[in-house]
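What follows is a short report on a single structure.
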Amino acid sequence: MKMADAKQKRNEQLKRWIGSETDLEPPVVKRQKTKVKFDDGAVFLAACSSGDTDEVLKLLHRGADINYANVDGLTALHQACIDDNVDMVKFLVENGANINQPDNEGWIPLHAAASCGYLDIAEFLIGQGAHVGAVNSEGDTPLDIAEEEAMEELLQNEVNRQGVDIEAARKEEERIMLRDARQWLNSGHISDVRHAKSGGTALHVAAAKGYTEVLKLLIQAGYDVNIKDYDGWTPLHAAAHWGKEEACRILVDNLCDMETVNKVGQTAFDVADEDILGYLEELQKKQNLLHSEKRDKKSPLIESTANMENNQPQKTFKNKETLIIEPEKNASRIESLEQEKADEEEEGKKDESSCSSEEDEEDDSESEAETDKTKPMASVTNAHTASTQAAPAAVTTPTLSSNQGTPTSPVKKFPTSTTKISPKEEERKDESPASWRLGLRKTGSYGALAEITASKEAQKEKDTAGVIRSASSPRLSSSLDNKEKEKDNKGTRLAYVAPTIPRRLGSTSDIEEKENRESSNLRTSSSYTRRKWEDDLKKNSSINEGSTYHRSCSFGRRQDDLISCSVPSTTSTPTVTSAAGLQKSFLSSTSTTAKTPPGSSPAGTQSSTSNRLWAEDSTEKEKDSAPTAATILVAPTVVSAAASSTTALTTTTAGTLSSTSEVRERRRSYLTPVRDEESESQRKARSRQARQSRRSTQGVTLTDLQEAEKTIGRSRSTRTREQENEEKDKEEKEKQDKEKQEEKKESEVSREDEYKQKYSRTYDETYARYRPVSTSSSSTPSSSSLSTLGSSLYASSQLNRPNSLVGITSAYSRGLTKDNEREGEKKEEEKEGEDKSQPKSIRERRRPREKRRSTGVSFWTQDSDENEQERQSDTEDGSSKRDTQTDSVSRYDSSSTSSSDRYDSLLGRSASYSYLEERKPYGSRLEKDDSTDFKKLYEQILAENEKLKAQLHDTNMELTDLKLQLEKATQRQERFADRSLLEMEKRERRALERRISEMEEELKMLPDLKADNQRLKDENGALIRVISKLSK
């Protein structure tokens, strides 16, 4: 039964399993591919830092915020100023970047340029309206942090020119906070707005900056002395952290809770500056006395005030009055208890007053900057989050403008909205001192709260804050902020508070630390700089200013601030995935933000970037292709058939520009027509010989042209002499010679036209070299050949190859020598008979190849001195050849153009040369007989000279090469020697180290050996004693 039950249960389990969720799960867990997406702003900042203006433009067109700030509050303009990228600075300013945008520590781009010493950027920024009186969270203007004299001079001149009051700018924050605190006190209602990110209040700012007057007024107005920010810091935490003794005393006198802990579990003692720890302990003792006295008196009013909240309108006044009285009594008791401490305090106050006069001035402007910044933050975040809560008409939109422009009547510098601003807005300003801790940066946690919640709180407070305060009473919160900031500034030096990151990073000496802590180190989010706000109002930059906060002088910023400071851009970036639309895809794709549809943007990015790169490469290739094409044109390999040569050329350079193919097509037209009587086998043999004797990359140089012309002259003179001797020997054939001459003269008339084509044919012989040129069967029209020849010559002359004309000259000389050969051949043919003349002429024409000169490796030999001189002349320089050339030309009454004009006059020269060469043997051979010997001697001497010069040049070149090689060899040897020495030293050191280790091992063995020796000695002594005993 039990077995049956078990089986039944098992079957039921199996049935339940089938179709269950677990059964339906796939056996292999599918892992989703992680896709990395970057925020639009991060992509924009990266593009700006890389200097890619095209990419930046595309991002801007796609809706990127040009004033986007990273977690440190740094915008692209800040980064460009730090990187000394003048072009990007100009580009960003031209595209609407806020030139006075502060970062988390109140540094505007001008601060960055001044601290780095970039004069050109500073001049440009000033010219574009940068505020030279801008004060950062430490109370420093660009002039204060300028590194170089030239920069200081520039900024000082600009300050003088604009009439900026630096001291007033520094005190602006405290003055505004005082005004608002008085206004709250008079109105009986505190309408402070917490800072959007830190949750700081005006009381925090006043305590941290040491604005004692503001602090007193705020407490009188009914501020809760134990109010906490988002990180749980009370005003006492701030005052203790920044070392503000007076602020601590005021808070303790007003019975703040000294044991309150923040969210990290730290009391004010834990985060306090080391310098005031003792003072805080004394204050705690006094407060305990006060508490005991009050417990004795059982004063309910004081107890109620201790827990009083900000928004109690009626009770606040009653309790406030008693509060004012009680603290004074308590203060008198405390002072009576410690007169010594009072004296010290007074001295400290004097010191602080001297310092804090400056510090307060700095902090005023800083806290103003904080209020202004934080208020815009709230309003901006409201705008960004599209919160449609209906605030009072005076409160809703004016928050930005009023926050920026509330300087009221006392502020004469900023004539914008003064007393007209609604009290709610002004109070909000003062409340924005909540930003007090933007600069304080205690723990990274304070930046965690979203700006949206802060903005909602701000709006709620705006809606609830209905009390209108008179413009005459300045805000309390501003003065509070100043004092709080002083306290916070001092706290920077606290090194032992582990979880808190000291706000001030660069304290040097104690005095500096005190001053800086009191005024400068507090990085307030410039919620109180109304002056800044008005300037920024004018530049429509309130949003960005609201989002940024100040930092210490260094540009290194903390990341917890970074997280909270940047205003998130809510624009979703549409991505284009198709690679076709290059610009659009570029605009959309490069920055794949978290808001883009997943998967689409990466593809768009790749395609767009690849398109752009492809376009750039193609343009570069187009630039380079023209010379490439020309180069290929000059010396293609010699192909046997005309058609195959053109096709091969076009196919090999298919990737280059179409112009190259066009030129190749043109070249097809200059190829010498194949004669009918020449068989295919003969043509192949000729092309094969041409390929053997010529390098595929060989060109034609000017030197070769000149050599060819001299060679023509020499070969012509030798041939004329031989022909004259033959005529003398064969007088019986003079009639036939005359007939032949007459035929030649008749053909000369037609040749005058054909010689214009002659050069083009000789040029093309560089590609089909050994194919004999039939002047009569040339079918190419002279005009077309001339035009194509001109273009081809131009293309070849553009080449960079030094020997680009070798083929032309050799072919040129070969063409002229062929004419002379033909004349001699025809005379010989006349001897043998006219019936055999045609085939014999072909053979004869083919045989005198040994007299022709190839441009490549010459493979024929002859014993005559003339041909040897011709071979020597291949290496001669161009200068003396020019002389011989002009001589030989002028001898034939042709226009003697210098060889330097060869490129211009080459076409005409070729025709005149060949024509004169043709006529010379027939017309004036006998007349020139006497002069040819002298010419030959002269040419021989010139050839020798040129040969010697060439040899000298070659030897000089070899000498320089050898010297270079020698130097390289010596350097190599030295390096090798050094290396060998080093290696030898290393080997020796290793050997010594081994030796030392061996010796150490031996030393370790030495005690053992000594012990063994001692033992053996003892044994020997014992044995000796035993033996002596036995011997007895």
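From the backbone N, Cα and C atoms, a Cβ is placed for every residue, glycine too.
The (3S)-3-hydroxyasparagine annotation in Swiss-Prot covers N226 (among others) and is backed by similarity to another entry. Among the features that Swiss-Prot reports, compositional bias 'Polar residues' is placed at 302-316, 400-421, 540-551, 602-612, 798-812. The phosphoserine annotation in Swiss-Prot covers S422, S445, S472, S473, S509, S693, S804, S864, S905, S912, S997 (among others). Per Swiss-Prot, region 'Interaction with ROCK2' is recorded for 683-866, and the stated evidence type is experimental evidence. Among the features that Swiss-Prot reports, compositional bias 'Basic residues' is placed at 684-694, 843-854.
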Cβ packing number for S997 (phosphoserine), 10 Å threshold: 10
Separation of alpha carbons, N226 ((3S)-3-hydroxyasparagine) and S997 (phosphoserine) (Å): 71
Cβ packing number for N226 ((3S)-3-hydroxyasparagine), 10 Å threshold: 19
Mean of the pLDDT scores, which run from 0 to 100, over the region 'Interaction with ROCK2' (683-866): 53
DSSP state at N226 ((3S)-3-hydroxyasparagine), helix/strand/coil: coil
Secondary-structure category, per DSSP, in which S997 (phosphoserine) falls: helix
